[in-house]
Amino acid sequence: MTRAFNFSAGPATLPESVLRQAQAEMLDWHGSGASIVEMSHRGAEFMSVAAEAEADLRRLLDIPEDYAVLFLSGGATTQQALIPLNFAAPGQRADYVVSGHWGKTAVKQAGVYVDVNIAASSEANGYRELPARADWQLSPDAAYVHLTANETIHGVEFRDVPDTGNVPLIADFSSSIASEPLDVRRYGVIYAGAQKNLGPVGIAVMIIRLDLLERSGQPRADIFDYRSHVARDSMLNTPPTWNWYLAGLVFKWMLAEGGVAEFAKRNAAKAALVYGAIDGSGGFYRNEVAHAARSRMNIPFFLPDAELDARFVAEAKAAGLLALKGHKVVGGIRASLYNAMPLAGAEALVAFMADFQQRHG
């Protein structure tokens, strides 16, 4: 069987070796006579899987001991609602930097619980660049500052960590976590849905500085309280064990491949290929994002008209290049180049782009 190159923004492509290992272990995990999906989350077998996954993630991202790591059901949008509940008092101000669709979603979720101050936004220019740091209007008494590290739809990415002083910085890293070295200590909280760089859909990773858990936050049930999840090692309720197991396999794969430093090199090479093809097309393909803000993970681009966009997607699919249709918010084309996308995938896309332009340009 020949696998296609899957450029989906999420759920995204997974390493073939991980999928094959999961396939081989599906019926009989490590000689136990049972599948991992059948095992109790509190049994010794799965507890070992969970402990290894946390240890491997800590090693992969160099997470300090004074940060808790959680594996929780759901995705990043759920955490966007839980973050103000846990880290801000009722009605307290929280600063939000909006650089795209998901930053705007975070504002909507938080607005139910806190006084949201949109400290900066690039919406006026269509999210084609990052909000200029000099224009940020931060609140000295804010509970936290929130930003989205990489916007999958608009294709913009923060590469430098902004200094927020004594106010904790909270960041949604769903689409760029583990794609390059990350200084965890610059953040109060890092959160990410797993389905782009860390594993399958259905599980989220939280990295929380322990002192922030001392905040009383707002009245909430235990299931919405990060302190309760930390106290129970992410097993306050039955976790998505299969997703956790698969994420653990992805962590091991990344470590074996050389860790985040190696993936930073690979991701830079893939992005350079695709942006090079766009910029060298004489305008047939165009990316509208300011060069300094361009995402390495998600590259949106457009052809001269919508009819050509649709033809590009259809012909690419026939050529074994999947899920290149842009998000409905912006249209066009989008190529997602997460860690599990090999260089050969970017090369195949660039070759197809050249051929398509020759035939339709």
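In case you wondered, yes, glycine gets a Cβ from its N, Cα and C as well.
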From W29, W102, the one annotated by Swiss-Prot with A76, T77, T152, D172, Q195, N237, T238 for pyridoxal 5'-phosphate: W102
Long-range Cβ environment of Q195 (pyridoxal 5'-phosphate binding site), under 8 Å and at least 6 residues apart: G10, P11, A12, G75, S174, V201, G202
Distant-in-sequence Cβ neighbours of R42 (L-glutamate binding site), under 8 Å, six or more positions away: M235
Entry from the binding-site residues list A76, N237 having the most other CB atoms no farther than 10 A: A76
Longest CA-CA distance among A76, T77, W102, T152, D172, Q195, N237, T238, per record bound to pyridoxal 5'-phosphate, angstrom: 30
Neighbourhood of D172 (pyridoxal 5'-phosphate binding site), C-beta criterion under 8 angstroms, separation at least six: A76, Q79, Q80, W102, G103, A106, H146, L147, T148, A149, Y191, A192
